[in-house]
Amino acid sequence: MTSPRRTFAIISHPDAGKTTLTEKLLYVGGAIHLAGEVKARGANRRARSDWMKIEQQRGISVTSSVMTFEKDGVTFNLLDTPGHEDFSEDTYRTLTAVDSAVMVIDAARGIESQTRKLFEVCRLRSVPIITFVNKVDREGRSAFELLDEIADVLALDVAPMTWPVGMGGTFEGVLDLKRWSISRPEGDSRTFQGKVDAEPILPDEVREEVELAQAGYAEVDAEAYRNGDLTPVYFGSALKDFGPAELIAALAQYAPPPRAQPAEPAPIGPEEKEVTGFVFKVQANMDPQHRDRIAFMRLCSGTFKRGMKLTPTGHGKPIAVHSPILFFAQDREIADEAYPGDIIGIPNHGTLRVGDTLSERAAVRFTGLPNFAPEILRRVALKDPTKTKQLRKALDDMAEEGVTQVFYPEIGSNWIIGVVGQLQLDVLISRLEAEYKVAAGLEPAPFDTARWISSDDAAALKEFVEINRSALAKDRDGNPVFLAKSAWEVGYVADRYPKVKFAATRER
Ligand code: G4P
C-alpha cells in the first residue's frame, strides 16, 4: 500500500506570505532543516541561469516548481505557482494539476485582486480551498470583517477553525476552536516553539467573540468543502509559526485525495490500472548547460515504474521514461515509482508539450488545459534577417512551452506573438538572445486581441475567412485565429457572423 497523496497549490496575492508559508510547511514537513533554505536555494538557482536574470531584477519567481514532503504517513505534493501580478498562464495551468488549494490572505488587506482571479480558476476547476489568514501577529482587520469578506466576495460559507487571540500589539496566540487550546508565541520564530496552552483562560472579549463566531458561521463540513461550497478558515502567522502545522493536519484530514480527471472519452479515476497523465508545464534550461527540457506530468492513474514506455496521444512515438524526476524538497531524485497525484519530471528534447496526454496504451485525452486569448500582441522585428529560421524555431519552442503564443498571419511575413502579461515579453526577448542568439525587438502590432474561430457550418466559416483574410492567422498548431483591433471589434464581428464561434480560450 502506498501512502495517501495530497496534491495542492498555494494561491495568494504578492506579499501575502506565500513564500514564508511554503517554507514553514516544508520545515514542519521535515523537508528542510532551516527556515530560509527556500530563499537561499532560490538564489543559487538564479545565479546559475542566464534568463532568470529577470527574476533577479524584478525580485520575483517566474518559474514554478514542485515540492514533495511526507508527514504522518501522508505524501504532500506542493505545486508552486508564480506569485507576481501579471496574469500568468503558467499559474492557471498549474492549478489544473492540483486537487486542492490553500488561499493565503493578508489579515490587513483581505481579498486582493490576484487572490480573486486565482480563486475563480479554482472554482472553474472545482478545486476546493482552505483559507489561511496570515499575519495576525500584526495589526489587521477584525476576524469577523475578514470572514464576512471571504463569504461575500467569494460566495462561500466560511467555517472558522482557529481564532486569533488579540492582534498586532495585543496578539497572544491562536485558539484552536475544536481542541479549545491556545498556541502561544515562545522563543525565536525560526525554531518553531509555539507553546500549547491546553487550559487557556480567555479574556472576556475573546470569549464573546468566539461565542458569536460559533453561532454565526458554519461548522466545518467535509463534503461542503470538497464540493467547493465552504472554506475552512485558519488564522495564523506564517512568520511566527502559528498555523503551518494546523494547515498540514487540515490538508491531511479534509483535502481530497487524487480525483478523477476530465478526459475523453470518459473521465479517468486514480484507481484505473493503466498509467495515464498529462503535461501541465514544460520548462527549459533547468540545467543551462543542456538544451533539454523537463515536462512536468501529473500522474492521473496507474502505478508508474521507471523505464515504462508512455505514448503522447495524437502525436509521436512511445517514449521510454528512463530518468523520471521526483521533486523531494531537499533535492531532485530519480523516481522508481510514482502514484496518482504525483508529479514526475520527464526530460525530453522538445517532443512533449503542454497539454499532452501520456498513456501506456489507451487512446485517451485529458481535457481542460486552456490556452488563453492573449491580451497583448506584438510584431517580432528581427535585427538580422539571416536568422529567420532560428527565430521561427525559437518562437515555436516557446509557444510549445507556453511562454508565449505565436500567430503566423495569412498575409505578410510579420509574425505576431501574443502574451497575457507584460512579463512574458521580457522573458521572450531575453531568452531569444541568451538561448537562441537571435537579436530581435518588438513592435506594436495592428491588433489588440485574438480569438480562435470555428463553426459547425463550413460554408459560413469559409465566407468569413475569405472576407477577413487580412486579419487571419494560424496558431502554432495550425488552428485558425481571428486577430482583432479591439475587444469591441470582436463583439461587432461576432454579431455579423452569428454562425462563427469566437473563442477566448482554446482547450488543448
Ligand atoms: P509572498 O511570497 O506572498 O510574496 O510573500 P512573502 O512570504 O515573501 O512575505 C512578504 C512579506 O511579509 C515578507 O516581509 C515576510 O517576512 C512578511 N510576512 C510573511 N508572513 C508574515 C507573518 O505571518 N507576519 C508578519 N508580520 N509578516 C509576515 P518582507 O519584509 O517583504 O521580506 P523579508 O525581508 O522579511 O524577506
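Keep in mind that glycine also has a Cβ here, set from the backbone N, Cα and C atoms.
TrEMBL labels come from automatic prediction, so no person has curated them.
Listed in TrEMBL for this protein:
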type	residues	note
BINDING	12-19, 80-84, 134-137	GTP binding site
DOMAIN	3-259	domain 'Tr-type G'
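Ser12, Asp15 are the binding-site residues among Ser12, Asp15, Thr81, Val136 whose C-beta comes within less than 6 Å of an atom of ligand 1, given in sequence order. In the predicted model, the domain 'Tr-type G' (3-259) shows an average pLDDT of 82. DSSP classifies Lys18 (GTP binding site) as helix under the three-state reduction.
Cβ contacts within 10 Å of Thr81 (GTP binding site), excluding its own Cβ and spanning all protein chains shown: 22.
Within the same chain, residues at least six positions away from Asp15 (GTP binding site) with a Cβ under 8 Å of its Cβ are Asp106. Neighbour counts of Cβ atoms within 10 Å were compared across the binding-site residues Ser12, Val136; the minimum falls on Ser12.
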